[in-house]
Amino acid sequence: MLQRTLAKSIGVTGVGLHSGERVALTLHPAPENSGISFRRTDLDGEMGEQIKLNPYLINDTRLSSTIVTDKGLRVGTIEHIMSALSAYGIDNALIELNAPEIPIMDGSSLPFIYLLQDAGVVDQKAQKRFLKILKPVEIKEAGKWVRFTPYDGFKVTLTIEFDHPVFNRSPPTFEIDFAGKSYIGEIARARTFGFMHEVEMMRAHNLGLGGNLNNAIVIGDTDVLNPEGLRYPDEFVRHKILDAIGDLYIVGHPIVGAFEGYKSGHAVNNALLRAVLADETAYEWVEFADSDDLPDAFHELNIRNCG
């Protein structure tokens, strides 16, 4: 299977979830083996240079997965666009933006999916590299855990737990094996969510200024405040899977393995990536030059053409 990039550059404007400021974002094609990179067009000099993404650049996970370089450059809320790039198997792309965070759009990855469909996807000459999990690796932290286990494909299983009546009406666990299920159909539409009392507290600290009922599920004392309700009966846990897929794709390659999590979040997801990369016996890099050898979970990537 070959590496791929965008067929053409494409842009979109939106609002930053935390800043509330308008953000112009452009995705560009990039050369093979260059990976996913970001560039802040609103900054000059070294701060305006291109940054190649890797798990060690995620140094702020309090509210999202945020790049923070040693020079203090920030690019926040990257998980939704990374999730969409993962769904289309984009290996190489340059993402330019004129603000410190990716626009929130509608709170899901679906607008970025549409953007990729409009841009189109092209194969490149180099073989796509996969990160294959060879043994179980687990991170436990303050009542939550995540783990990788070997698996001939890509499967994600997550469980959430919140002490709130809304969550008692929603299944807490969701599992998706991409050998038989579609990311676009099952995951892409799931929106980020938050509690009304948290929104008020965040705004008091100049955070969440761009959040509203058009780009997040807002939960009141007893119910969801969005008049249209939920897009899936279990939209909450599906969004956590959307986030996890984006967080894991920060490694820059598709993962051959199973990911499980209980009350997972950006911090433990990133810690798990780092733990795998720190143990050379836990993984290997593989290629599938013969499509017959490609695990079923990636067959949809092999035939999908956005153009």
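Any Cβ shown, glycine's included, is placed from N, Cα and C.
According to Swiss-Prot, the feature active site, proton donor maps to H266, an assignment based on sequence analysis. Swiss-Prot lists H80, H239, D243 with the feature Zn(2+) binding site.
Feature map: annotations from Swiss-Prot on the structure.
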{"residue": "H80", "record": "Zn(2+) binding site", "Cβ neighbours (10 Å)": "30"}
{"residue": "H239", "record": "Zn(2+) binding site", "Cβ neighbours (10 Å)": "28"}
{"residue": "D243", "record": "Zn(2+) binding site", "Cβ neighbours (10 Å)": "24"}
{"residue": "H266", "record": "active site, proton donor", "Cβ neighbours (10 Å)": "22"}
Just the number: how many Å between the Cα atoms of H266 (active site, proton donor) and H239 (Zn(2+) binding site)?
13
Compute the mean position of the Cβ atoms of H80, H239, D243, which form the recorded Zn(2+) site, and then list in sequence order the other residues of that chain whose Cβ is within 8 Å of it.
E79, S83, G107, S108, S109, A190, R191, T192, K240, I241, L242, G246
